[in-house]
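Below: one structure, written as C-alpha cells.
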Amino acid sequence: MTMHDTPSGLNWDLGLAPPADGLWCGLRLVAELTQADQPLPADAPACLVVQGGMLRWVGPQAQLPAAFSALRRFDARDAARTGAHGAAPGAPGTLATPALVDCHTHLVYGGQRADEFALRLAGASYEALAQAGGGILASVQATRAASEDQLFALAMPRLQALLAEGVGAIEIKSGYGLALEHERKQLRVARRLGQACAVTVRTSFLGAHALPPEYAGRSQDYIDLVCQQMLPALAEQGLVDAVDMFCERIAFTLAETEQVFLAAQQLGLPVKLHAGQLSDMGGAALAARYGALSCDHLEHLSADAIAAMQAAGTVAVLLPGAWYTLRGQQRPPIEALRAAGVPMAVATDHNPGSSPALSLLLMAHMACTLFHLSLSEALAGITTHAARALGLQDSHGLIAAGRPANFVLWPLQEAAELVYWLGHKPACTIVRQGRVVRDGLGLLDRPEMPVLRDGA
C-alpha cells in the first residue's frame, strides 16, 4: 500500500497503523449517537472496549465488566487540553463520536470550474450556464480527457482532506463520464480510493446526470443506453452500489427517471435521486415509491412527497454548500420534514461546480445557520442519518457494541463545538476499522508506533 502526502499533513498507511484494541477510557459520549450497554450518566466518564477491531462493550467506565479490565488502556480523560478548544476543567472526559459519514459527493473529476464561479458572480445563472454547454458538461469534457491514474491522483487529496476531519465512510458518484468507458473509469477510481485509504466507499452510478453532447436532442436514446448497456455492464463488474440520477428540467424527466429506476430494480440495486433542486417535478415521490435510500437537495418538495418519503424510510439529504454557492432562494422545507419524522442527513456534495467544499463540519454549521437545523439534527445528519442514506446503518454512524471500531476523539468541551467553530480543524484522534490512523491527542504510549501526531 502506498503512502500519500496530502495538504492536510496526514501521511499514513493503515497497514502500519497500530491496532486500537484495548480500553478507551475517560470519554464523553453523545447519547444520541451512542447505543450503550449500560445507561450513560452525564457526569461520569465512559469507556469503549475494542477487540479484534470491533467494539465489544460501550458504557460507564465504573461499570466496565471485569473480563475486560486487564486489557491495554488508552486513557483520554486528560488528553484534551484546556483553553480555547480544550476540555473544560472538571469535564467527565474527552469527547468521542462515531466517525463521520459524507453521504453525497462527486469526488472524482477532472479540471475545475472557477470560471463559472466568476460568471455567476457577474449574474449568470446555474441553468443558463448548463444550457450554454457549461456546468456538468464542462466537467465531463475534463474528466473524459483525464486518465484513470490522473483522476486518482486528483481525487486523493480531496478524500484525504475529508478523512483528516474524521470522515470514516463516504459516497462517491460517477456522472462526469456519460459514456461507458468514462463512467467505468470514475467508478474504478472510487474503488481504488477506498482500497488505498482503507475507508468505506459506497459508489453511486450517476450515468443519467446530464445529456452528453453526442446525444443532444436524443434524450430517450441516451436513457436506453444507460439502462440497457452502461448500468448492466458496470453492475456486472461490481462497480455499482447504488443508482442515482438527476430529475430536473435541465436534466431528465420523471418518465426517464422511472425507466432508470426500473433498470436498477431488475439488477437488485438500490436507488437515490437528485430531486427538487430547481423545481418540483415529482421526483422525490417517485423515488420513495421505489424505496430510495435518499432524495438529495429538496429545495422544492411537496407535502405528498414528504409523506411518501416518511413511509418509505427515505432519507432527506441536505446540501447547504450547493444552496449557498448557487445563492439559493428557497430552502428545503425543514419544518415539514421534521414534523413528518423524515430523517435528515447533511453532506458536502463536493463537486467542481456548485459545491467545491471539503469540510463536512462546515456543512453541518451551514445546515444549522442557513437551513435552521438544530445542533442534534446536524450531528445526526453527519453520522447516524448519513449512514442510513448509504445503507450503512448497521455498521456506521453510531457507537455501539458489535460494530467495527470507527470513532473519533475531539479536543472540545462539548459536541456543539463540532458545529460551532468555523474553519477549525481539531487535532483529533481517529480510529478507523479498528486501527489508530491519527493520534492528534497523543494517547498512544508507544511513540515509536507509526501514527501521525500533531506536527508530524
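Using the three backbone atoms N, Cα and C, a Cβ is placed for every residue, glycine included.
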Same-site residue for 4-imidazolone-5-propanoate (record: Swiss-Prot; known: ARG113, HIS209, GLN277, SER354; options: TYR176, TYR420):
TYR176
Listed binding-site residues (ARG113, HIS209, HIS274), ranked by Cβ neighbours within 10 Å, top entry:
HIS274
Inter-residue C-alpha distance, GLY353 (N-formimidoyl-L-glutamate binding site) and HIS106 (Zn(2+) binding site) (nearest angstrom):
10
Neighbour-count leader, CB within 10 A, binding-site residues: HIS104, HIS106:
HIS104
DSSP on HIS274 (Zn(2+) binding site), three-state: which is it?
strand
Residue pair TYR176 (4-imidazolone-5-propanoate binding site), HIS106 (Zn(2+) binding site) - Cα distance, angstrom, rounded:
9
Please state how far apart, in Å and to a whole number, the two most distant Cα atoms are among ARG113, TYR176, HIS209, GLN277, SER354, the recorded 4-imidazolone-5-propanoate-binding residues.
20
How far is it from HIS209 (4-imidazolone-5-propanoate binding site) to HIS106 (Zn(2+) binding site), counting Cα to Cα, in Å?
11
Quick one: of the binding-site residues ARG113, HIS274, GLN277, which has its CA closest to the CA of ASN351 (N-formimidoyl-L-glutamate binding site)?
ARG113
